[in-house]
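Peer 1: So TrEMBL has the following annotated:
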- His62, His110, Asp196, His200: Mn(2+) binding site (BINDING)
- 39-118: domain 'Manganese/iron superoxide dismutase N-terminal' (DOMAIN)
- 128-229: domain 'Manganese/iron superoxide dismutase C-terminal' (DOMAIN)
Amino acid sequence: MNSTLLRTTALRSALRASAPKAATRAGLAGTTFVRGKATLPDLPYDYGALEPAISGQIMELHHSKHHNTYVTSLNNFSEQLAEAKHKEDIQAQIALQPLINFHGGGHVNHTLFWENLAPTKNGGGEPPTGKLAQAINDGYGSLDAFKEKFNAALAGVQGSGWAWLVQDTQTGNVLIKTYANQDPVVGQFRPILGIDAWEHAYYLQYQNRKAEYFKAIWDVINWKAAEKRLK
């Protein structure tokens, strides 16, 4: 999937031509496009490969239905935005920007989320090393203390949203931030590791016991992918 994420040039060109401000707000620099359209990334593991932490049924629905809906909607609204710009319809452009942000953010967030996960046989759950491990220890004292803080942030998400380990691009420090709905990590912060707190990410398996999901997902976190994002 890393090779898929590298194909960003076409996206940037398409969005600069159609809606540069909307693209900036949506944080679409990580979106993958083929011939100007976003595409659903393939997973580098089977749907059932993350069990028992995340069931195969959840993974299939989450990836093939929920994520795919964000991709389809992003493409549709991007086309509408291009048409609105061609017609110089300012009202339509303004109305479409929140939809681009939501569905584009959903695409970017989920693309990163799949990379954040790995089966245990492929290193999922193995603790971070190097600079990322040092940054977590410096900021939170230990990996266990970090997980406790992160899970508290996840539990505090009201309604739908995400918790992220981000890097401040100005100071280089890492910190935990929560984002509502599908708002992407943009601007001053760089996404390092994100966990989806939407009900569709856990409810079929954990129902109202979301704290169990927050605890179990660490068993399949791909820290190696997170380490590559740290600058």
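Note that Cβ sites are derived from N, Cα and C of the backbone, with glycine treated the same way.
Automatic prediction, not curation, is the source of TrEMBL annotations.
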Peer 1: Counting Cβ atoms within 10 Å of each candidate's own Cβ, which of the binding-site residues His110, His200 comes out highest?
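Peer 2: Comparing the binding-site residues His110, His200, the most crowded Cβ belongs to His110.
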Peer 1: Which residues, in sequence order, are found in the same chain with Cβ within 8 Å of the centroid defined by the Cβ atoms of His62, His110, Asp196, His200 at the Mn(2+) site, excluding those residues themselves?
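Peer 2: In sequence order, the nearby non-listed residues are His63, His66, His67, Phe113, Trp198, Ala201.
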Peer 1: Measure from the Cβ of Asp196 (Mn(2+) binding site) and count the other Cβ atoms within 10 Å, all protein chains considered.
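Peer 2: That number is 23.
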Peer 1: Mind checking how the domain 'Manganese/iron superoxide dismutase C-terminal' (128-229) divides into helix, strand and coil residues in DSSP?
Peer 2: 49 helix, 24 strand, 29 coil
Peer 1: If you draw a 10 Å sphere around the Cβ of His62 (Mn(2+) binding site), how many other Cβ atoms fall inside it, taking every protein chain shown into account?
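Peer 2: If we count other Cβ atoms within 10 Å of His62 (Mn(2+) binding site), we arrive at 22.
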